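A.B. asks: I'd like to ask some things about the structure below.
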Amino acid sequence: MTWVQDQLDDETLFPSKIGVPFPKNFMSVAKTILKRLFRVYAHIYHQHFDSVMQLQEEAHLNTSFKHFIFFVQEFNLIDRRELAPLQELIEKLGSKDR
């Protein structure tokens, strides 16, 4: 997570001033960030979901993950193979909107 924050804080990767162009490797860096964030979600679901349920935060986690997945799928930012560990959950969360 520190690495992700460092990337987001890097003005050469994520310029905050209008008119400053994004670097040529922006899409590659963004995809790597999102892939790593997906792995955090996967870890939480696989290793800490009991704690999430005890804290009654399941709905918040699911909503956050759902928005994340819809975004990365809409713009094809994470390879489908990378999503495989949570594919069943992704399908369930997606089917609730249909």
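These residue numbers are counts, starting from 1, taken along the chain as shown.
Glycine is no exception: its Cβ is also placed from the backbone N, Cα and C atoms.
Pulled these features from TrEMBL for this protein:
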- His43, His48: Zn(2+) binding site (BINDING)
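Tell me about the surroundings of these features in the structure.
C.D. replies: With a cut-off of 8 Å between CB atoms and residues at least 6 apart in sequence, the same chain places nothing near His48 (Zn(2+) binding site). Classification of His48 (Zn(2+) binding site) by DSSP places it in coil, neither helical nor stranded.
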A.B. asks: Counting only residues 6+ apart in the same chain, whose Cβ is under 8 Å from the Cβ of His43 (Zn(2+) binding site)?
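C.D. replies: Within the chain, His43 (Zn(2+) binding site) has no Cβ neighbours under 8 Å at 6 or more residues' separation.
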